[in-house]
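A short write-up of the structure that comes next.
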Amino acid sequence: MAIFDNYEVWFVIGSQHLYGPETLRQVTQHAEHVVNALNTEAKLPYKLVLKPLGTTPDEITAICRDANYDDRCAGLVVWLHTFSPAKMWINGLTMLNKPLLQFHTQFNAALPWDSIDMDFMNLNQTAHGGREFGFIGARMRQQHAVVTGHWQDKQAHERIGSWMRQAVSKQDTRHLKVCRFGDNMREVAVTDGDKVAAQIKFGFSVNTWAVGYLVQVVNSISDGDVNALVDEYESCYTMTPATQIHGEKRQNVLEAARIELGMKRFLEQGGFHAFTTTFEDLHGLKQLPGLPVQRLMQQGYGFAGEGDWKTAALLRIMKVMSTGLQGGTSFMEDYTYHFEKGNDLVLGSHMLEVCPSIAVEEKPILDVQHLGIGGKDDPARLIFNTQTGPAIVASLIDLGDRYRLLVNCIDTVKTPHSLPKLPVANALWKAQPDLPTASEAWILAGGAHHTVFSHALNLNDMRQFAEMHDIEITVIDNDTRLPAFKDALRWNEVYYGFRR
């Protein structure tokens, strides 16, 4: 996704005039050195932009106000180089609506034991300047992140980079438009929800477009464009005999390409970066979009089936969060179980729509097979197995008075047998801490059957996401025990009830 050049993060130094112009000159020099080094050596995902020193209430307020109105600014990293009285920050922080991180660092790593004097002490006061700043954040009940460590420390770099991804994701989410082609799958509860509340909370908008509008665009795609895209299919995928030239399902592949081009044109023209479909609302389309959806997800679009706009939005958000990281992120569904003593497994898939970003390295297979649901022509799809290793599945649900994010840590494993009659992409995993505990906890917490599956992101990423958006998070991992989990659900009811 071309998102790296769209955003930057501002680096703000807090100080005061108490120490005189020479100290402020040194503070500025240190700040310039640190920012230049971080931009060139720390492998941060986004550029740090140094702003003028914040030494008075008016200066700080101006920086925060400017940050709010600059669409390129994804958030603020604040370094309290000297002591910076926190009352100076109140007006600015009151109006700030961008993510905030305090980098609790100092210019020197080691103390100069033989030469340290009070001038050095006054210049390098992060140790208590950061605490003063932390107090005002706590007093104002303002959520902000804190990273402690020397500015040359790789772990600090990684944590700042992770926070940057969250900040950019939040900014991107404020501009996110979700298109629903048709409505929800009829009578399904968890895919429904309050779209107005979601826009107030997260910033993304959700609107429905009749499938007929999409069909008009699909039908306008030229044969030349279709053939060019099919040539791309030929080079990227292993085509089954039925899908090759003169194959009995070749026309289905051509139609899938036409749908993909039409969908992408519709989404681009509308400024949409997430969308849903439903097999119950396909009037005018010749097949359920399988291959088109898979390829659009791989390009960074959020998607979910059956009108599930919350999961579609979450997928787009998590794709932005994971931009540039190794591993993929996909729409997923817990489909069926393998019960075996000590080796319980979950087979995840969907009817067609699993993102190739999570596939093993070899070329996916492009095939056309019968689909009994939807009542349309046989759809094209990519078939592949998934990479192994640690992963997460996440679900965002609407509880009426709040949103709850559920995260289950999992371990993806290799499929022990071939699946010759299962013509869909799939993932096989062990749920942590075990399948009975994980499934019971998930069900008790109201988790959806649709999830976002990710090898690229981890539990810490999702904790940051929940904190930044001020929503509840419920975690199921190797530390989960059902009695304590149930207690936590009850305590959360009380806590969030008091906050209403």
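The chain as shown is numbered from 1 upward.
Keep in mind that glycine also has a Cβ here, set from the backbone N, Cα and C atoms.
Annotated Mn(2+)-binding residues in Swiss-Prot are E306, E333, H350, and among H417, H450, H455 the one listed with them is H450. Sorted by the number of other CB atoms within 10 A, the binding-site residues H350, H450 start with H350, the lowest. Cβ environment of E306 (Mn(2+) binding site): N184, M185, V188, T191, T276, T278, F279, H450 lie under 8 Å away, each six or more residues apart in the same chain. DSSP assigns H350 (Mn(2+) binding site) to coil in the three-state reduction, placing it in neither a helix nor a strand. E333 (Mn(2+) binding site) is surrounded by 23 other CB atoms, counting those within 10 A of its CB over all protein chains shown. In the three-state DSSP classification, H450 (Mn(2+) binding site) falls within a strand. In the three-state DSSP classification, E333 (Mn(2+) binding site) falls within a strand.
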